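> Just dropping this structure here.
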Amino acid sequence: MRIFNTLTRKKEEFIPITPGEVKMYVCGPTVYNFFHIGNGRTFIVFDTIRRYLEYRGYEVKFVQNFTDIDDKMIKKANEEGTTVKEIGDKYIKEYYEDADKLQIERATVNPRATEYIEDIIDFVAQLIEKGYAYEVEGDVYFNTKKFNDYGKLSGQSIEDLQMGASNRTSSIADERKNDPMDFAIWKAQKPGEPAWKCPWGMGRPGWHIECSCMAKKILGDTIDIHAGGMDLTFPHHENEVAQSEALTGMRFANYWMHSAYVNINNQKMSKSLNNFFTARDILKEYDSDVVRFFMMSAHYRLQINFSKDLLDSAKASVERLYNAIGNLENLIDEVSRENISEEEVNYLNSLKKYREKYIEKMDDDFNTADALTVLFELTKDTNTNINVNSSKELVNKALNLIRELGAPLGLLQKITKGSLEDEIESLIQQRQDARKNKDFALSDKIRDDLKDRGIVLEDTPQGVRWKKIN
């Protein structure tokens, strides 16, 4: 398996620190609003990579944080007349709701920055003690000149970084720095802001130090993969490298991965430009398979343009794949022969080439676009060569292979009519029992869970009916 490493700017063989295990940290959302589909691409991309690593047999410890204290959250809390904690609680809940609908698997750990304040204070204190940070009137800055490798992740020269930092220097706070490139790792309290007691007075952590601290605390001094959106490469990830490696003297992450932007009219989708669609808005019109297919249709390091036309095209493609699955499921009920023939064994062995080709594509820096092509080749083959004269065993094995290759992409796992009917009927009965017992929370949960899997329930005078939705 080869991964493009932002740090070295080339594809490298993936060799985990511990054989068979992967320690992976992905920068998660700042929880002050619903996440937009550009953020969603990052979450879907690294969910897919995590799924594929598990498919290949790795045990993945997947950490994705919540930034629940920063300037945007303070501003939001002030606007809504509430607390930063309440804003965080609200939008973490909303994140899970949308992420679950996008079939994004829950992280092994979802740390909140505010849960690690004591660890962050200790991290900052050690950097000061080592001479990598200094305090000015309650603010603490990282001394970038002290860290000789500053700029190595983003590939920028010190001269370019200094020029850019000088151009940005305009405030009194900047003038107090030893160097324009220095960045805040602890911020003194301002009126009306939440703060914690520390050796430098009341204050709160800087954004960059939060991820460094949580990654170290949960995964250790050196991790296998650190990932996030391309826009985080500099300054966020660059600063993470500096402060983490300054503290430990060890390499922070062996592989750095970054997903490209989602664009609208050739501009990056962002809240600041007000040119975004929330994932929640999109999910009102398209289901998770369609959104994920759209994201997977381009390599994760290539920018992708967002449009309803492209989503409609993705929807048509997903329907083709589900039609192939539906054809096989219908055949299971139609074929009369149970056991596979010798000729069918040879054909089934020929289908294995699709698994091998799929793995070859995904092992090459997670090339999901080519992996989707393999899926279409497989379904075209089964549509052509499997029919009512085939054995039930062959039909089942072909069906399982399609679903197997869809799973790492988070695709093709929804129920289709004609399969798993017993499970649906059982859930409908559980829902009816819950309603009789006035357990409406359970009743609603069963209904919503089925809807997320592509099944809609209809309460009629004749009883409950169900149907598949696109």
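For all residues, glycine too, the Cβ spot is worked out from N, Cα and C.
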> C27, H236, E240 bind Zn(2+) according to Swiss-Prot; which of C211, C213 goes with them?
C211
> Looking at 29-39, 282-292, 304-314, I want to know which stretch Swiss-Prot calls motif ''HIGH' region'.
29-39
> Tell me which residues of the chain lie with their Cβ under 8 angstroms from that of H236 (Zn(2+) binding site), as long as they are six or more apart in sequence?
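Counting only residues 6 or more apart in sequence, the Cβ neighbours of H236 (Zn(2+) binding site) under 8 Å are C27, W207, H208, C211, G228.
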> Give the sequence-ordered list of residues that share a chain with E240 (Zn(2+) binding site), lie 6 or more positions from it, and have CB atoms under 8 Å from its CB.
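Spatial neighbours, sequence-distant, of E240 (Zn(2+) binding site): H208, C211, S212, A215, H226, F252.
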> Taking 10 A as the limit, how many CB atoms besides its own sit near the CB of K271 (ATP binding site)?
17
> So how many other Cβ atoms are close to C211 (Zn(2+) binding site), meaning within 10 Å of its Cβ?
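So the number of other Cβ atoms within 10 Å of C211 (Zn(2+) binding site) is 27.
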> Reduced to three states, what secondary structure does DSSP give K271 (ATP binding site)?
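In the DSSP reduction, K271 (ATP binding site) maps to coil.
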